Amino acid sequence: MSSDSEKGNSTKGTQLAQVTTSNSIQPGETVVVDDAVVREFYGASVDDSYRLKSELVSQHLTEIGMGKFQWILFVVNGFGWIVDNFWSQGITAVRPPIANEFSDVTRLSLSSVAYYIGLILGASFWGTMADVIGRKPAFNATILIGGVFACAVAGTQNFVAFCAIWAVIGTAAGGNVPVDSIVFLEFVPQSHQWLLVSLSAWWNLGQVIVSLLSWVFMANFACSSEDAPCPAHSNMGWRYLMITLGAIAIAFGLCRVLLFKIPESPRYLISKGRDAEAVEAVNYIARYNGKEETLTLDMLQSIDRQCNRAAGINGKSVADDTTITQTKTGMTYMQMLKESFKDYNADNYRKLFAGRKMAQHSSVTFLIWLTIGIAYPLYFAFITSYLETKKSYNANTGFDYTYMVYCIVSSVGVLGPVAAGFLVETRFGRKWMMAISAVLTGVFLFVYTVAGTQAADIGFQCATGILGNFEYAVMFAFTPESFPGPIRGTGTGVAATLLRFGGLIASLISTYAGYTTIPIYASAALWILAGIFCFGLPFETHGHASL
């Protein structure tokens, strides 16, 4: 997209928008706040009709405010983040006892390779499907699929079966957090978008739960590394862990399906021309929060008329366009599903690079995710294995010491997302906070390799955990914030796919480099590089409602 085209699109948007500074929305009144910065940045990635409707929905969500619905969603959404880290940390936690039990283990980290292959498939599938069939199916399905197969992996009797089931768990986990972050973002007012950053605290809580349960089960129901052979009945700790984690995940999933049913995202519904359902979704939140229902279908349809959208759809009149909305509203779910698949094409991927600024944003964002995808697991996902090599600080060389330190580091790491939630609302915004935390994570990792005492070792691990999780939290919030609704699932899915692909590369590096300081040096350098990449992002989401 040329700069001239972008300017033309910007001018057109200015002519179409009705700009107001009113703080109150009256029923039946068409009020659209035209965000000029957003309009210029996204350019041809979204049409004027969607952009103005989305801004109208944002304004009504702001009018409704942060109420009971959103706070319950914050907790229910947090279930997904907890479960996501159940699997990431679970496979890490069970690796040492697995090595002692299974005789067919060739290279232990091949289990992570299998898991990351599943993650790559899951991230690409669920991310794309969120834009095709909606956010809600993935929101409910991923957590349940992971829970069922986590229980199943406890029954494996060999390493091949263990890896195969972890690959299936990965397909569910790959779409878990990306879709959950989209769901939360599209239901909260702009004033509370920062909570998406703090949602990562739930992710760290998942790590704390895994580390505590690992400490209990593995320290008491596992063979030591010196025991040979190690029969299953003497090594039940990891099985107890996976069954417990799976049961918790299933319980969380049932809460989503049965106890707190969310409507489909209004942004998704608008992008599919299902305006009446979008109005009902917004008004459902208003009713749930005990607020007045102010959004009407006529408000959205007036934007279509305002944009003269009907003239651009095969010469249809405005009446024909209204008929389209009514027809879609009358469809069954399966009919709408078929329509969504029929309308889907590769255009969503092209829109990620529509215009110079959008192309720069997508390219740099994806590069950051790929870099962090390699850097994060090179250390964090193999922490228990590294701890096994550093037990010389303590006379206790059993699993008890390893998982005690793991538990400490995991608990302290919760501070990262909590602090990030507040700091991203300062004048530094998302970009600077990502950059600073990534660079500092790399610096502390370099220092960690020369720690000479137990206190220093644990201290640097805690500092690294706080900073690394800080960056992770901001990155997971900034990315869905920065992509427009019609391609938010696709953009976030591509980013998550690259993150998981980076994890696969990290697993292969650790497979052949072993648990030495070499992967840590590589991780530290990559964290610093990712921080530098952050300065190339052209758009700051702080101060703007998600589109």
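Yeah, the Cβs are placed from backbone N, Cα and C, and that goes for glycine too.
Automated prediction, rather than curation, is the source of TrEMBL annotations.
According to TrEMBL, the feature region 'Disordered' maps to 1-20. Feature annotation from TrEMBL assigns compositional bias 'Polar residues' to 10-20. What TrEMBL records for 69-88, 108-126, 138-159, 165-187, 194-218, 238-259, 364-383, 403-425, 432-452, 490-512, 518-539 is transmembrane segment. As annotated by TrEMBL, domain 'Major facilitator superfamily (MFS) profile' applies to 73-542.
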Ranked first among 165-187, 238-259, 403-425 for CB pairs under 8 angstroms with the transmembrane segment (138-159): 238-259
Range from 69-88, 432-452, 518-539 with most C-beta pairs under 8 A to the transmembrane segment (364-383): 518-539
Remote residues contacting the transmembrane segment (165-187) - C-beta distance under 8 A, at least 6 residues beyond either end: 61, 69-70, 73-74, 77, 80-81, 83-84, 87-88, 91, 111, 114-127, 129-130, 135-136, 138-139, 141-143, 145-146, 149-150, 152-153, 156, 193, 195-196, 199, 203, 262, 265-268, 285, 476-477, 479-481, 485, 488-489, 492-493, 495-497, 500, 546
Contact call for the transmembrane segment (403-425) and the transmembrane segment (432-452): at least 3 Cβ pairs under 8 Å, seq gap 6+: yes
Of 194-218, 238-259, 432-452, 490-512, whichever stretch has the most CB pairs under 8 A to the transmembrane segment (518-539): 432-452
